[in-house]
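Notes follow the structure.
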Amino acid sequence: MTSVNNPLPRQEISGPATARHSSRLAGRLDAAADKSCSHRAAILAGLAGGVSHIEGMLESEDVLAALRAVEALGARVERTGPGQWTIEGGKWRDPDEPLDMGNSGTAARLLLGAASRFSLTAVFVGDASLSRRPMERVLAPLKAMGAMTGAAQGGRLPVRLTGGNLIAIDYTPPVASAQVKSAVMFAALGARGQTVVREPVPTRNHTENMLPLFGGNVSVEADPAGHVITVPGGQSLTACDLAIPGDPSSAAFAVAAGLIAPESELTVAGVMTNPARFGLYDVLKEMGAHLEFTPAGSRCGETLCDITVRTSQLKGVDVTALRAPSMIDEYPILAVLAAFAEGETRMRGLGELRAKESDRLSSTAALLDANGVKVEIEGDDLIVTGVGLAGVPGGGRVETRDDHRLAMAGLVLGLGAQAPVSVDETAMIATSYPGFFDDFSAIGANID
Ligand code: S3P
């Protein structure tokens with residue numbers, strides 16, 4: 001048995017890497033566990049009375065940061081086997097030290113919300129990338145509920161939070177963000193009164209879906225004007241056993257590799273099909289991708305499918321801004337695929353990408369530019385001129401800017417490009433997809 005503070009048995013990979021043209025990628029991978037669901041399972045189990053057993057947890061750096069914080073806040077957290085965690089939750093207390101959120105915006109924002117329902121004081125810190133990202137978007141509603149917060153200039157980490165005695169609010173987040181919604185929902189569980197969150201543009205709904213599994217009370221009204229989520233206050237949660245579904249965002253990298261590497265056919269198994277996460281796959285179908293979705297049961301109320309992909313000549317498309325929340329993490333890899341498509345792809349309404357692990361609008365454009373692909377940013381839109389399956393020059397060095405998805409997207413580009421593509425750092429890939437190199441080696445990708 002391993003406590004969350006002991007290192008997990010894993011080969012550390014760091015430093016630059018180079019991907020070379022590869023063909024005949026083949027095989028069957030199990031999708032990596034979903035990062036969003038793993039975060040929510042760790043936090044909800046940490047809040048719930050009794051012992052929860054979580055199977056298939058994503059053991060990535062981001063999720064480990066959340067698990068360590070939940071333990072430091074008073075839960076008993078134990079790793080009982082690969083991906084298997086036992087968490088005994090309850091009332092949270094002052095942690096002895098600052099809570100290190102590492103690179104994880106989700107851990108930071110969701111835990112700020114969850115911790116604020118208790119009478120405790122905690123300091124949240126993060127790495128260089130996370131310390132540049134906006135926290136005011138969660139601090140504002142938490143302050144409106146009565147939490148006291150002190151943040152570095154511009155509402156950044158480090159943040160000092162004192163919670164307790166919260167009152168319910170009726171809140172419409174100014175940005176479409178599942179993290180903001182979830183932070184308010186977690187805080188609402190301990191507030192006086194009934195909290196309402198109004199989402200004009202619905203975002204991923206894993207908090208809404210998972211809360212009832214822990215005995216939580218939440219109602220969601222969906223109408224054309226958006227979603228209205230209501231959470232009564234004064235709730236206590238009870239432990240449950242659950243299994244984490246596969247991550248459509250991580251699966252996207254192997255699917256993309258299968259689309260662009262010649263003569264490939266591969267399957268990624270157990271991918272969650274939640275429509276709030278499946279936007280990329282809908283767009284890929286519109287682009288002419290050979291994708292087959294085979295139903296593969298369900299996990300913790302989410303349906304799963306196996307995705308089989310074959311090399312495909314894609315065509316450029318216009319991706320509306322309304323799709324953005326259902327594929328917000330997939331734009332770097334979609335932009336890479338757009339380079340291998342025929343014709344122009346315009347991805348609209350990507351302002352939120354500026355607030356990710358890097359400014360993903362500019363870092364994605366720079367990734368393509370460094371590899372001979374014509375790309376423009378017009379306002380909040382990204383426009384890529386595709387040159388067809390065999391036409392992407394490659395040969396560039398990608399600046400990853402502490403961003404895991406940039407690193408993985410750059411390496412996938414190299415698998416289909418004419419000349420090798422290198423990325424300047426790979427250590428942060430472990431924040432979301434620690435098995436990336438093993439999985440890509442298993443399907444025959446030439447990366448070293
Ligand atoms: C996440 C929500 C998204 C996403 C992030 C995970 C979540 O962020 O980019 O990787 O688990 O709630 P926003 O909700 O801030 O867009």
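The count begins at 1 with the first shown residue.
For all residues, glycine too, the Cβ spot is worked out from N, Cα and C.
Annotations in TrEMBL come from automatic prediction, not curation.
Since this is a predicted model, take the numbers as computed values, not measurements.
Asp329 (active site, proton acceptor) falls outside any helix or strand according to DSSP and counts as coil. Sequence annotations record features per position, and here TrEMBL assigns active site, proton acceptor to Asp329.
The secondary structure of Ser36 (3-phosphoshikimate binding site), as reduced to three states from DSSP, is helical. Annotation comment: TrEMBL describes Lys35, Ser36, Arg40, Ser177, Gln179, Asp329, Lys356 as 3-phosphoshikimate binding site.
Per TrEMBL, phosphoenolpyruvate binding site is recorded for Lys35, Gly105, Arg133, Gln179, Arg360, Arg405. In sequence order, Gly105, Gly126, Arg156, Leu157, Ala355, Lys356, Glu357 are the residues of the chain that are 6 or more apart from Arg133 (phosphoenolpyruvate binding site) and have a CB within less than 8 Å of its CB. The secondary structure of Arg133 (phosphoenolpyruvate binding site), as reduced to three states from DSSP, is coil rather than helix or strand.
As annotated by TrEMBL, domain 'Enolpyruvate transferase' applies to 21-439.
Positions annotated as region 'Disordered' by TrEMBL: 1-21.
For Arg360 (phosphoenolpyruvate binding site), the nearest of the recorded positions Lys35, Ser36, Arg40, Gln179, Asp329 in terms of C-alpha separation is Asp329. Geometry remark: Arg40 (3-phosphoshikimate binding site) versus Arg405 (phosphoenolpyruvate binding site), CA distance 21 Å. Of the recorded residues, Arg405 (phosphoenolpyruvate binding site) and Asp329 (active site, proton acceptor) place their C-alpha atoms 8 Å from one another. Whole-number maximum of the Cα to Cα distances across the 3-phosphoshikimate-binding residues Lys35, Ser36, Arg40, Ser177, Gln179, Asp329, Lys356: 19 angstrom.
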